[in-house]
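Here the structure is laid out as C-alpha coordinates; the discussion comes afterwards.
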Amino acid sequence: MILLIDIGNSRTKYVQLISGELSATTQLNNSEFSAEYFTKYFNQASQLIVANVAKSALTDELATWCAREKISYKQVHSEQKKNTLISAYQEPTTLGIDRWLALLGTIHLYPQENVLIIDAGTATTVDLLTSNGQHQGGWILAGINALFTSILSHSTLVHAKSKTMPSLAFGANTSDNVNNACWAATLGMIERAIEQAQQLGDINRIILTGGDGKALTRLLLAQTTENILAVENIQFIDNLIFFGLQEYA
(Lines of atoms letter the chains of each structure in order from A and count residues from 1; the text may use other names and numbers.)
(Lines give C-alpha, C1' and ligand atoms only; values in the text may rest on other atoms or scores of the structure.)
Protein backbone atom coordinates (compact mmCIF):
# COMPACT_ATOMS: atom_id res chain seq x y z
CA MET A 1 0.00 0.00 0.00
CA ILE A 2 1.26 3.46 -0.99
CA LEU A 3 0.21 6.64 0.81
CA LEU A 4 -0.25 9.84 -1.19
CA ILE A 5 0.01 12.86 1.11
CA ASP A 6 -0.90 16.49 0.45
CA ILE A 7 0.40 18.84 3.15
CA GLY A 8 -1.34 22.22 3.05
CA ASN A 9 -0.70 25.36 5.06
CA SER A 10 -2.88 24.27 7.98
CA ARG A 11 -4.29 20.84 7.11
CA THR A 12 -3.01 17.61 5.61
CA LYS A 13 -4.96 15.17 3.45
CA TYR A 14 -3.93 11.70 2.40
CA VAL A 15 -5.25 8.67 0.55
CA GLN A 16 -4.19 5.07 0.16
CA LEU A 17 -3.23 3.80 -3.28
CA ILE A 18 -3.99 0.09 -3.53
CA SER A 19 -3.85 -1.78 -6.85
CA GLY A 20 -4.23 1.46 -8.77
CA GLU A 21 -7.32 2.60 -6.83
CA LEU A 22 -7.52 5.61 -4.49
CA SER A 23 -9.19 5.27 -1.10
CA ALA A 24 -11.39 7.84 0.61
CA THR A 25 -9.55 10.93 1.83
CA THR A 26 -8.42 11.35 5.43
CA GLN A 27 -7.82 14.86 6.82
CA LEU A 28 -6.01 16.13 9.88
CA ASN A 29 -4.69 19.39 11.25
CA ASN A 30 -0.97 19.91 10.78
CA SER A 31 -0.70 20.29 14.55
CA GLU A 32 -1.54 16.57 14.81
CA PHE A 33 1.58 15.63 12.82
CA SER A 34 3.83 13.54 15.06
CA ALA A 35 5.85 10.34 15.08
CA GLU A 36 3.08 8.79 17.18
CA TYR A 37 0.50 9.55 14.49
CA PHE A 38 2.78 8.20 11.76
CA THR A 39 3.38 4.99 13.68
CA LYS A 40 -0.34 4.48 14.28
CA TYR A 41 -1.61 5.22 10.78
CA PHE A 42 1.29 5.04 8.30
CA ASN A 43 3.29 2.00 9.41
CA GLN A 44 1.64 -0.41 6.96
CA ALA A 45 2.69 1.63 3.93
CA SER A 46 5.48 0.54 1.61
CA GLN A 47 6.01 4.09 0.33
CA LEU A 48 4.97 7.67 1.11
CA ILE A 49 4.68 10.15 -1.78
CA VAL A 50 4.37 13.70 -0.49
CA ALA A 51 3.51 17.17 -1.79
CA ASN A 52 4.08 20.06 0.60
CA VAL A 53 3.22 23.76 0.47
CA ALA A 54 3.77 24.26 4.21
CA LYS A 55 6.91 24.60 6.32
CA SER A 56 9.65 22.10 5.55
CA ALA A 57 9.74 21.05 9.22
CA LEU A 58 6.70 18.87 8.59
CA THR A 59 8.28 16.95 5.74
CA ASP A 60 11.59 16.78 7.60
CA GLU A 61 9.85 15.05 10.49
CA LEU A 62 8.04 12.68 8.15
CA ALA A 63 11.20 11.84 6.19
CA THR A 64 13.09 11.13 9.42
CA TRP A 65 10.35 8.78 10.59
CA CYS A 66 10.31 6.95 7.24
CA ALA A 67 14.08 6.48 7.35
CA ARG A 68 13.84 5.02 10.84
CA GLU A 69 11.00 2.69 9.87
CA LYS A 70 12.66 1.77 6.55
CA ILE A 71 9.69 3.01 4.51
CA SER A 72 10.38 4.54 1.09
CA TYR A 73 9.85 8.32 1.06
CA LYS A 74 9.49 10.62 -1.94
CA GLN A 75 8.70 14.34 -1.92
CA VAL A 76 7.64 15.62 -5.33
CA HIS A 77 8.42 19.02 -6.84
CA SER A 78 7.31 20.88 -9.93
CA GLU A 79 9.35 20.00 -13.02
CA GLN A 80 9.84 21.15 -16.59
CA LYS A 81 8.41 17.88 -17.90
CA LYS A 82 6.70 14.80 -16.52
CA ASN A 83 5.30 12.12 -18.81
CA THR A 84 3.51 14.13 -21.54
CA LEU A 85 3.08 17.28 -19.41
CA ILE A 86 5.30 20.27 -20.25
CA SER A 87 5.34 23.30 -17.95
CA ALA A 88 4.81 26.79 -19.37
CA TYR A 89 7.01 28.33 -16.68
CA GLN A 90 10.46 29.58 -17.62
CA GLU A 91 11.50 28.55 -14.11
CA PRO A 92 9.45 25.36 -13.71
CA THR A 93 10.25 24.78 -10.04
CA THR A 94 8.49 28.05 -9.15
CA LEU A 95 5.12 26.73 -10.31
CA GLY A 96 3.16 25.77 -7.20
CA ILE A 97 3.24 22.04 -6.58
CA ASP A 98 -0.54 22.00 -6.16
CA ARG A 99 -0.99 23.47 -9.64
CA TRP A 100 1.58 21.09 -11.14
CA LEU A 101 -0.16 18.07 -9.64
CA ALA A 102 -3.58 19.32 -10.76
CA LEU A 103 -2.22 19.47 -14.31
CA LEU A 104 -0.80 15.96 -14.00
CA GLY A 105 -4.05 14.72 -12.51
CA THR A 106 -6.01 16.21 -15.39
CA ILE A 107 -3.87 14.39 -17.95
CA HIS A 108 -4.29 11.20 -15.91
CA LEU A 109 -8.09 11.49 -16.09
CA TYR A 110 -8.52 13.15 -19.49
CA PRO A 111 -5.53 12.57 -21.77
CA GLN A 112 -5.43 14.42 -25.08
CA GLU A 113 -8.08 16.99 -24.15
CA ASN A 114 -7.96 20.78 -23.98
CA VAL A 115 -8.87 21.53 -20.38
CA LEU A 116 -9.25 24.67 -18.28
CA ILE A 117 -8.50 23.95 -14.62
CA ILE A 118 -9.73 26.19 -11.80
CA ASP A 119 -8.42 25.44 -8.30
CA ALA A 120 -10.31 27.53 -5.73
CA GLY A 121 -8.63 27.44 -2.35
CA THR A 122 -6.48 29.92 -0.45
CA ALA A 123 -5.85 31.36 -3.90
CA THR A 124 -7.97 30.80 -6.99
CA THR A 125 -5.75 29.62 -9.82
CA VAL A 126 -6.52 29.09 -13.49
CA ASP A 127 -4.42 26.89 -15.78
CA LEU A 128 -4.91 25.98 -19.42
CA LEU A 129 -3.76 22.57 -20.63
CA THR A 130 -3.81 21.63 -24.31
CA SER A 131 -4.34 18.16 -25.73
CA ASN A 132 -0.63 17.62 -26.44
CA GLY A 133 0.24 18.08 -22.76
CA GLN A 134 1.47 21.66 -23.08
CA HIS A 135 0.67 23.89 -20.13
CA GLN A 136 -0.24 27.31 -21.54
CA GLY A 137 0.12 29.19 -18.26
CA GLY A 138 -2.60 30.74 -16.15
CA TRP A 139 -3.64 33.25 -13.52
CA ILE A 140 -3.52 33.55 -9.74
CA LEU A 141 -6.20 35.52 -7.86
CA ALA A 142 -6.74 35.84 -4.12
CA GLY A 143 -9.18 33.20 -2.92
CA ILE A 144 -12.74 34.00 -1.83
CA ASN A 145 -11.83 34.31 1.85
CA ALA A 146 -8.69 36.32 1.07
CA LEU A 147 -10.71 38.76 -1.05
CA PHE A 148 -13.20 39.15 1.78
CA THR A 149 -10.64 39.76 4.51
CA SER A 150 -8.64 42.10 2.27
CA ILE A 151 -11.60 44.47 1.92
CA LEU A 152 -12.20 44.52 5.66
CA SER A 153 -8.53 44.97 6.54
CA HIS A 154 -8.18 48.01 4.27
CA SER A 155 -11.26 49.88 5.46
CA THR A 156 -12.35 50.77 8.98
CA LEU A 157 -15.79 51.77 7.69
CA VAL A 158 -16.76 48.42 6.15
CA HIS A 159 -18.28 45.99 8.65
CA ALA A 160 -19.29 42.60 7.28
CA LYS A 161 -19.52 38.97 8.31
CA SER A 162 -18.42 36.14 6.07
CA LYS A 163 -21.24 33.94 4.79
CA THR A 164 -20.98 30.38 3.56
CA MET A 165 -23.82 30.52 1.02
CA PRO A 166 -22.54 31.94 -2.27
CA SER A 167 -24.74 34.36 -4.18
CA LEU A 168 -24.39 36.80 -7.06
CA ALA A 169 -27.41 38.89 -6.08
CA PHE A 170 -27.11 42.61 -5.45
CA GLY A 171 -26.97 42.95 -1.67
CA ALA A 172 -29.17 45.15 0.51
CA ASN A 173 -26.68 45.21 3.37
CA THR A 174 -22.92 45.51 3.67
CA SER A 175 -22.28 41.84 4.45
CA ASP A 176 -24.13 40.72 1.33
CA ASN A 177 -22.46 43.46 -0.73
CA VAL A 178 -18.98 42.28 0.23
CA ASN A 179 -19.63 38.53 0.17
CA ASN A 180 -21.48 38.50 -3.12
CA ALA A 181 -18.93 40.77 -4.77
CA CYS A 182 -16.15 38.31 -3.88
CA TRP A 183 -18.03 35.48 -5.58
CA ALA A 184 -18.95 37.68 -8.54
CA ALA A 185 -15.37 38.86 -9.02
CA THR A 186 -14.06 35.29 -8.95
CA LEU A 187 -16.74 34.01 -11.31
CA GLY A 188 -16.07 36.95 -13.65
CA MET A 189 -12.41 36.01 -13.74
CA ILE A 190 -13.32 32.41 -14.56
CA GLU A 191 -15.69 33.45 -17.35
CA ARG A 192 -13.00 35.72 -18.81
CA ALA A 193 -10.52 32.83 -18.64
CA ILE A 194 -12.97 30.64 -20.54
CA GLU A 195 -13.36 33.28 -23.26
CA GLN A 196 -9.61 33.74 -23.55
CA ALA A 197 -8.95 29.99 -23.62
CA GLN A 198 -11.53 29.50 -26.37
CA GLN A 199 -9.74 32.09 -28.48
CA LEU A 200 -6.73 29.77 -28.44
CA GLY A 201 -8.72 26.69 -29.45
CA ASP A 202 -11.74 24.58 -28.60
CA ILE A 203 -12.04 23.68 -24.91
CA ASN A 204 -13.18 20.12 -24.27
CA ARG A 205 -13.61 20.39 -20.53
CA ILE A 206 -13.62 22.73 -17.53
CA ILE A 207 -12.54 21.23 -14.21
CA LEU A 208 -13.00 22.95 -10.87
CA THR A 209 -11.40 21.74 -7.65
CA GLY A 210 -10.43 23.07 -4.23
CA GLY A 211 -12.40 24.11 -1.16
CA ASP A 212 -14.58 26.65 -2.99
CA GLY A 213 -14.63 24.70 -6.24
CA LYS A 214 -18.00 23.02 -5.69
CA ALA A 215 -19.76 26.33 -4.97
CA LEU A 216 -18.15 27.96 -8.00
CA THR A 217 -19.22 25.02 -10.16
CA ARG A 218 -22.83 25.56 -9.11
CA LEU A 219 -22.58 29.29 -9.85
CA LEU A 220 -20.99 28.66 -13.23
CA LEU A 221 -23.61 26.10 -14.21
CA ALA A 222 -26.37 28.49 -13.14
CA GLN A 223 -25.19 31.01 -15.72
CA THR A 224 -25.97 30.73 -19.42
CA THR A 225 -23.67 27.93 -20.55
CA GLU A 226 -24.73 27.65 -24.19
CA ASN A 227 -21.76 29.68 -25.35
CA ILE A 228 -19.37 28.16 -22.80
CA LEU A 229 -19.49 24.36 -22.93
CA ALA A 230 -21.91 21.48 -22.62
CA VAL A 231 -23.03 21.18 -19.00
CA GLU A 232 -21.69 17.62 -18.68
CA ASN A 233 -18.19 18.87 -19.49
CA ILE A 234 -18.13 21.38 -16.62
CA GLN A 235 -17.36 19.41 -13.48
CA PHE A 236 -16.07 19.53 -9.94
CA ILE A 237 -13.39 16.97 -9.04
CA ASP A 238 -12.56 16.77 -5.36
CA ASN A 239 -8.88 16.23 -4.51
CA LEU A 240 -7.67 16.34 -8.12
CA ILE A 241 -4.15 16.62 -6.70
CA PHE A 242 -4.09 12.93 -5.73
CA PHE A 243 -4.50 11.81 -9.33
CA GLY A 244 -1.37 13.83 -10.02
CA LEU A 245 0.51 12.32 -7.09
CA GLN A 246 -0.46 8.89 -8.38
CA GLU A 247 1.74 9.54 -11.42
CA TYR A 248 4.80 9.38 -9.13
CA ALA A 249 3.93 5.97 -7.70
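Heads up, the Cβ atoms here are built off N, Cα and C, so glycines get one too.
For the ATP site, Swiss-Prot records D6, I7, G8, N9, S10, R11, T12, K13, and the single candidate of T94, T106, T122 listed with them is T122.
In the three-state DSSP reading, T174 (substrate binding site) counts as helix. For S10 (ATP binding site), the same-chain residues 6+ apart in sequence whose C-beta sits under 8 angstroms from its C-beta are N29, N30, A54. Taken residue by residue with DSSP, T12 (ATP binding site) is part of a strand.
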